[in-house]
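Here's the structure, in structure tokens; my notes come after.
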Amino acid sequence: MHHVVSATTNPAKIQAILQAFNEIFGEGSCHIESVSVESGVPEQPFGSQETRAGARNRVENARCLRPQADFWVAIEAGIDDDSTFSWVVIENAAQRGEARSATLPLPAVILEKVRQGEALGPVMSQYTGIDEIGRKEGAIGVFTAGKLTRSSVYHQAVILALSPFHNAVYR
């Protein structure tokens, strides 16, 4: 059984990680341990580079905290070009896989508050009245009328980032 350390305690992210690992490696093939680690970037990262750095930093910090794991996974959400997206970084002892998620264009009223220094999650909670929306369906769930959720978009990116770990052509 794979010991997978999730560099987050966010339920939406953990669900995506667990579902993707089960789909790739088989149902029940992994145990997810979630840890809270720092990203080393602002709470609301801006740009692809800063967001990816946050995910890489979380993986590095999770590896230091739980060096005995088989995999370390981080999902860092950010804002880029008026849209929200995330970077997924997965490492094992030998390699790294990375993937960027789909992007969701954000309305001007939301972007204005985020650009003033507020994080997207709290802004969306104020807008919708849903407490801790970032730990649930997220802006993605709200603006796609539930057709997608934060977790479903993360799930796809985790699947993509896992590609080097189960396809021999990457080795």
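The backbone N, Cα and C atoms fix where each Cβ goes, and this holds for glycine too.
Copied from Swiss-Prot, the annotated features are:
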type	residues	note
BINDING	T8, T9, N10, P11, A12, K13	substrate binding site
BINDING	E38, Q68	Mg(2+) binding site
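This view paints the features noted in Swiss-Prot onto the structure.
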| residue | record | Cβ within 10 Å |
| --- | --- | --- |
| T8 | substrate binding site | 23 |
| T9 | substrate binding site | 12 |
| N10 | substrate binding site | 22 |
| P11 | substrate binding site | 14 |
| A12 | substrate binding site | 25 |
| K13 | substrate binding site | 27 |
| E38 | Mg(2+) binding site | 10 |
| Q68 | Mg(2+) binding site | 7 |
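The two recorded residues, T9 (substrate binding site) and Q68 (Mg(2+) binding site), have Cα atoms 19 Å apart. For the substrate site, the Cβ centre of T8, T9, N10, P11, A12, K13 serves as reference, and the other residues of the chain with Cβ at most 8 Å from it are S6, I14, Q15, S34, I75, R135. The Cα of Q68 (Mg(2+) binding site) lies closest to that of T8, out of the binding-site residues T8, N10, P11, A12, K13.
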